[in-house]
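This report refers to the structure that appears directly beneath it.
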Amino acid sequence: MGFRALFFFAAIFFSFSTTIIYSAYAEGEAEAEVGSGLVIDFYKDTCPQAEDIIKEQVKLLYKRHKNTAFSWLRNIFHDCAVQSCDASLLLDSTRRDLSEKETDRSFGMRNFRYLDTIKEAVERECPGVVSCADILVLSARDGVVALGGPQIPLKTGRRDGRRSRADVIEEHLPDHNESMSVVLERFAKMGIDTPGVVALLGAHSVGRTHCVKLVQRLYPEVDPALNPDHVEHMLYKCPDPIPDPKAVQYVRNDRGTPMIFDNNYYRNILDNKGLLLVDHQLAVDKRTKPYVKKMAKSQNYFFKEFARALTTLSENNPLTGDKGEIRRQCNVANKHH
């Protein structure tokens, strides 16, 4: 999906009074290990400080580099949507396998080195215990909170894959130019229903989109579906029909509250101010529009559905038990370390 929530001060954020805790997801989950093999607080005996360390590192990194929170959120989508939440996204290229990070679908993704920072902090406390896959998922959870979004209890116990899944990305990862039918179908295979898809796309509430991803709506002719008032701003930010991918040419996903994870995205797309084609389709398709309207009216409803969908995404076909490994370094499988 071009769900390029490459996400971008401070004074706004430090009121977390709107943060909602969805503790309902935690109730009884500790016993529900039979399905996925994941449980709430998996490391309570082997590394009881793990989640607190990750949370603290996310906070520290966010204070220094605001866009890290957007990266964490994008990471969980790009990793978990491609067959398994196994941190395959983080692996560097080898002689045999191309890294997922180097594919076209990972355009604009960054801040991977800061996941290494979190991993190092956890390793100092509990060497060889906490997986990169769990760090990737929990950093996304804590990044949402840093942006003013809901607290979501997520299970842990994932193990790390040993190989890149770059060769199957196109089969699994929805793209921002695909039809809504394809987008809904791809998510349905992960167990995410239509309101869940609408909620996950609410990640476009924060961050920015590179001009490379949206110029087809501006050139050679402006997409008539776009709000004329917004077109002027988009053309100002993206003056070139063929933008330089390395240039700093972006449009904020939400000009009103670009650093806050909120439901303003839905009001924007109903007003034809969505940047990507998928944003526009979400607001007009008869299958998704009712949920867009409901989320535009109720932030609580948006947060509830987002929490539910992110939970499902985070539990997509994880490696557990004796499958996979616990990487010592997130960008290299142990056998190559």
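The count begins at 1 with the first shown residue.
Glycine residues also receive a Cβ, built from the backbone N, Cα and C atoms like all the rest.
Please treat TrEMBL annotations as automatic predictions, because they have not gone through curation.
For 37-334, the entry in TrEMBL reads domain 'Plant heme peroxidase family profile'.
For C47-C126 (among others), the entry in TrEMBL reads disulfide bond. If you take the C-beta of C47 (disulfide bond) and look for same-chain residues 6 or more apart in sequence within under 8 angstroms, you find V122, E125, C126, V129, V130.
Positions annotated as site 'Transition state stabilizer' by TrEMBL: R74. Neighbour count (other Cβ atoms within 10 Å of the Cβ, all protein chains): 25 for R74 (site 'Transition state stabilizer').
Positions annotated as active site, proton acceptor by TrEMBL: H78.
The annotation Ca(2+) 1 binding site is assigned in TrEMBL to D79, V82, D86, S88, E100. All protein chains shown were included, and the count of other CB atoms within 10 Å of the CB of V82 (Ca(2+) 1 binding site) stands at 24.
In sequence order, I76, D79, A133, L136, V137, R158, L313, S314, E315, N316, N317, P318 constitute the residues six or more apart from C85 (disulfide bond) in its chain with CB-CB distances below 8 Å. Sequence annotations record features per position, and here TrEMBL assigns disulfide bond to C80-C85 (among others).
Take the CB of C132 (disulfide bond) and look out to 10 A: across all protein chains shown you find 30 other CB atoms. As annotated by TrEMBL, disulfide bond applies to C132-C330 (among others).
Annotation comment: TrEMBL describes P174 as substrate binding site. The 10 Å shell around the Cβ of P174 (substrate binding site) contains 23 further Cβ atoms across the protein chains shown.
Marked as disulfide bond by TrEMBL: C211-C238 (among others). Cβ neighbours within 10 Å of C238 (disulfide bond), excluding its own Cβ and spanning all shown chains: 23.
According to TrEMBL, the feature Ca(2+) 2 binding site maps to D254, T257, D262. Its Cβ placed at the centre, D254 (Ca(2+) 2 binding site) has 22 other Cβ atoms within 10 Å.
Surrounding the centroid of the Cβ atoms of D79, V82, D86, S88, E100, where the record places Ca(2+) 1, the chain contributes additional residues within 8 Å, namely H78, C80, Q83, S84, C85, A87, L89, L90, L91, G161, S164, R165. Fewest other C-beta atoms within 10 angstroms, among the binding-site residues D79, D86, E100, D262, are seen around D262. When Cα-Cα distances from C132 (disulfide bond) are compared across the recorded positions H78, S88, E100, the shortest belongs to S88. Checked against C211 (disulfide bond), the recorded positions H78, S88, D262 differ in C-alpha distance, with H78 being the nearest.
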